[in-house]
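J.: Feature table excerpt (TrEMBL):
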type	residues	note
COMPBIAS	A:15-31	compositional bias 'Basic and acidic residues'
COMPBIAS	A:842-855	compositional bias 'Basic and acidic residues'
DOMAIN	A:605-711	domain 'TMC'
REGION	A:1-31	region 'Disordered'
REGION	A:842-864	region 'Disordered'
TRANSMEM	A:275-291	transmembrane segment
TRANSMEM	A:312-341	transmembrane segment
TRANSMEM	A:406-426	transmembrane segment
TRANSMEM	A:496-521	transmembrane segment
TRANSMEM	A:533-555	transmembrane segment
TRANSMEM	A:567-594	transmembrane segment
TRANSMEM	A:614-639	transmembrane segment
TRANSMEM	A:673-692	transmembrane segment
TRANSMEM	A:713-738	transmembrane segment
TRANSMEM	A:788-805	transmembrane segment
Amino acid sequence: MAQPLPFVLNVPEIPEDHDREPSPYDESEVHDSFHQLIQEQSQCVAEEGLELRQRGLGAAAPGTSGSGRQALVGPEDAAAYSTATLRILASMPSRTIGRSRGAIISQYYNRTVRLRRRVSRPQLGGVGRSARPSLRLYDLELDPAALEEEEKRSLLVKELQSLTVAQRGHMLKGMPLGLAEKRSLREESRTLTGKPRERRGRRGLFPCCGWLRDTCVLVGASGLGWAQGRQVGGGALVPSCPLGGLSPPPPPPPPPAQPGSWGLTLLPFSPWCPQALHGLGLWLLAGLHGLKPWRYALKRIGGQFGSSVLSYFLFLKTLLAFNALLLLPLLAFVVGVQAAFPPPASPGPVPAFTGLELLTGGGRLTHTVMYYGYYSNSTLNPPCVPAPDGGQCGRETDGLPYNMPLAYLFTVGGAFFITCITLVYSMSHSFGESYRVGSTSGVHAITVFCSWDHKVTQRRASRLQHDNIRTHLKELLAEGQLRQGPRSVCGRLRQVAVLGLVWLLCLAITLGCTVAVYAFSELMIQSPVSAEQGGALLALPVVVCLLNLGAPYLYRGLAALERHDSPVLQVYVAVCRNLILKMVILGILCYHWLGRRVGALRDQCWENFVGQELYRLMVLDFIFILLDTLFGELVWRLISERKLKRKEKPEFDIAGNVLELIYGQTLTWLGVLFAPLLPAVQIIKLVFLFYIKKTSLMANCQAPRRPWLASHMSTVFISLLCFPSFLGAAVFLCYAVWQVKPSSTCGPFRTLDTMYEAGKVWVRRLEKAGPRVSWLPWVHRYLVENTFPVYLVSALLLAVIYLNIQVVKGQRKVICLLREQISNEGEDKIFLINKLHSVYEKKERSRGGRTQEAERLEEDPDAR
Amino acid sequence: MGGSGSRLSKELLAEYQDLTFLTKQEILLANCWLLLHPLHPSGSSRASPSTVPGTQAHRRFCELLPQEHRSTEESLHTRVSLEQILSLPELKANPFKERICRVFSTSPARDSLSFEDFLDLLSVFSDTATPDLKSHYAFRIFDFDDDGTLNREDLSQLVNCLTGPGEDTQLSASEMKQLIDNILEESDIDRDGTINLSEFQHVISRSPDFASSFKIVL
């Protein structure tokens, strides 16, 4: 009782000493002082103990109801804490992790231990309904004899040593410590393993050999430079050692322990030449950095317009990759082979090249590898070269026939399948990235913590971002107040009426467009144009493109009438309407091609016609995008700057532009069966589009004013690309392959009833061929023609989806439980601190009283 | 070490590659980039601020290389003052630039960056850094008084940084209070009136946009 309390020493009630950084050492002292205080108080506060238990129960029981908790702990309470309590709170381990190095080290020690033991998650069975977590779980940090930084460090080093090299490197990379600190940790964790030393010793003996070996390895490995560069750079396209043959870059395994020792031992033996070459290599390497495709363009866009506009350009890049994926197998197995073995030329005269072909895709281009009709329906064989021994030739052509119809069918099918897998994978990846469990709550916090885009490098853009964030925050706050006040019935009715009216009008416009396209296509069938009148063929695509261009402006005008509460909803509604329009028009066109054209073009090659039609649509779509860019962005900016004297530039309409891209991609997928080189055209179009849009963006546009959830939107874009676009194209192609009779005058399937027959014919031939490949017909009979596997696969898929949903549900539940646990613990902590504080104050007062009494007693004798 | 022609020896370069999330090209670029500023303390960065930053740095780097021969030791121990770092085109427009420099500085007065500090900075802001690392440093950047938690003062300072420097651009006092109350309500799980690192990381982990926006492109 009489001894001085360390509590007083550790908790100085001076608010000014904030700059002094409390170390983990203080932490342990605080714990000690608590310990002592509790022990001292335990014997003399029996009645208080009772009270404590009661209040503890009271705090725990209504923990689930929530109201009691709210009353007990709120932000108001937090403000009412005395400085001493705040000081104790500040020394809690949960807070020191954010600032002290010792705490970081100990946290990473724990992680390393976990990594080693391979226990990633605590057992969920131990989590009770409202269980309070045992402090023993955190014994390292809450141990009364808390370890000092040095000890923790040595523990960490020991743990690091027990990891593998790769794991250790990964762990060190991810530690939030300075480079010097990481380096020393690495040195320490490595010196004891012994292996590097051995290596260094060997090098010391035969440095020249070592150097030679390294060089050889590197020269050999330089072919792998691409893969390495990609691995290190995370998607970087520049090889990490393009000059591996000339200059020796550092070896892939980590260098020896002491930096520099290797180089020093090497120097006397190695000539100056490798050094100079090394320097040259590094210099060129850094130069190549700038050649990464569109790196600086993307950086500039990101710097000026932020992530939202950047997402459009990244989407464009993704589409490029998809088209390359589609084009490569087609080029390799269909186009290339057919170009190498051209079929006999068609008897008619070859039309002259006029230039209009580039627009219509007809004329000269008709009988080329561009279109379906050019491909032969026979097997392709290399021309028989008279070999030294004559019999060889015939057998070879028998053994390896290249069946063009089969190649055509399987390559298109395979390319589609690969695209489908990639698309679904990237969609699921994107969903996993952007939708986290429980991400719906916490808008304010996320806005404040995550909304600043550090990529922005321009003052003007940064000011714009300030404005955007401010507006967004104000809107959020206003929304919160709005939600509290219910709106009047009349106002709500009016809004519903306006919404309904606008939707009706939009649907009417869509219907009008559809009818117009249908009527026009019928008209085109009624008055057939010959292939020579190229210009007339462009009529239908022009109408379609005009409707596609005009209708979105009408929608935008109508959308101004309805006032949506949230700008995000507005964007989604606009996307939805435009999508409906485009898909309906494409649906009508598909019907027109497969339903009507096939009948109308009995004696001609209807596949060529469809391919050309899609080519025309694509080219005109490109031209109309150019016009839209020119008039919608450039002219509008000039008008608004010159005439209206406004400072504002037009906004870049991300949603609209992305929908244009998706539309173009759908056209490509629809046409790939009828025009195998259509992806190449799309690639060229996309590359041009990138530069045109970038130039227009830089010159004419400003960043969108609305806050924009880039990752959510890119998820939406990629799912739109997958769901209506890719799926629609796949259905269209499946119908064409399975149901429609191919034309009898051209193409690889000219003798068959459907394109699918080619596969069947082949299987039948294989059955005849002998027992060696008998499994293939079996596979065909039981897996392709039987419906059971389809059901099985879909049932499996459904089961996986169901399991995933359940897992997510479970995670949500566990998150709720853990949250409850943490808030309970916080309550406990605060309650105990308050309790200790009151005990301490009481003691202080009593001691103060006693000293006052003593003083009075001392004074009294004086008075006497 | 080698000395002529190359600034960074092979070993050092490999070590940097092992310990940071940067590629070799990025490290080299950073090296030249930083060396440049002590050489021209007042000139180049202010002379042409409006041109493309990336190509600018790149071109400067290329014309600088052939004639320049500095040893690695020297370049590693040169400390670049805060003002010079802040005038880098990539940081110029960033409202958190002072905080970023202070967090990454290892000098006692926290007012200058060495090359390694700079590499640390770039590594954290690079494409491949883990979200955990990014959120840790984001927390330290937002923790204006360096006390290990985000309290009400930190939050209001953070919001002021976000909304802009001027008096007229800031939120009103009542709006600010409302906002901070909401933030604490949403993210202060243990109800102690401040946001600690775990709570912060919990909030950040729910935002997919964080990793893409907490990035500086070299």
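Using N, Cα and C of the backbone, Cβ positions are placed for all residues, glycine too.
What TrEMBL says about a protein is an automatic prediction, not a curated fact.
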J.: Any residues 6+ beyond the ends of the transmembrane segment (A:713-738) with a Cβ under 8 Å from its own?
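T.: Result: 308, 311, 314-315, 318-319, 409, 412, 416, 419-420, 423-424, 426-427, 430-431, 433-435, 571-572, 575, 579, 583, 586-587, 590, 594, 654-655, 658-659, 662, 665-666, 669-670, 672-673, 754-756.
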J.: Out of A:312-341, A:496-521, A:614-639, A:673-692, what stretch is closest in contact terms to the transmembrane segment (A:533-555), meaning most Cβ pairs under 8 angstroms?
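T.: The stretch I would name here is A:614-639.
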J.: Pull the DSSP breakdown for the compositional bias 'Basic and acidic residues' (A:842-855) and write it out as helix, strand, coil residue counts.
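T.: Here the numbers are 14 helix, 0 strand, 0 coil.
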J.: I'm a bit unsure how to read this: which one of A:312-341, A:496-521, A:567-594, A:614-639, A:788-805 has the highest number of Cβ pairs shorter than 8 Å with the transmembrane segment (A:673-692)?
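T.: Going through each listed stretch, the top one turns out to be A:312-341.
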J.: Mind checking which residues of the chain, 6+ beyond the ends of the transmembrane segment (A:496-521), have their Cβ under 8 Å from one of its Cβ atoms?
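T.: For the transmembrane segment (A:496-521), the nonlocal Cβ contacts are 539-540, 543-544, 547, 551, 554-555, 558-559, 561-562, 577, 580-581, 584-585, 588-589, 592, 596.
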J.: Within the domain 'TMC' (A:605-711), how many residues are helix, strand or coil going by DSSP?
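T.: Per-class counts: 81 helix, 2 strand, 24 coil.
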J.: Report, as numbers and ranges, which residues of the same chain sit near the transmembrane segment (A:788-805): CB under 8 Å and 6 or more residues beyond its ends.
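T.: Those are 782, in sequence order.
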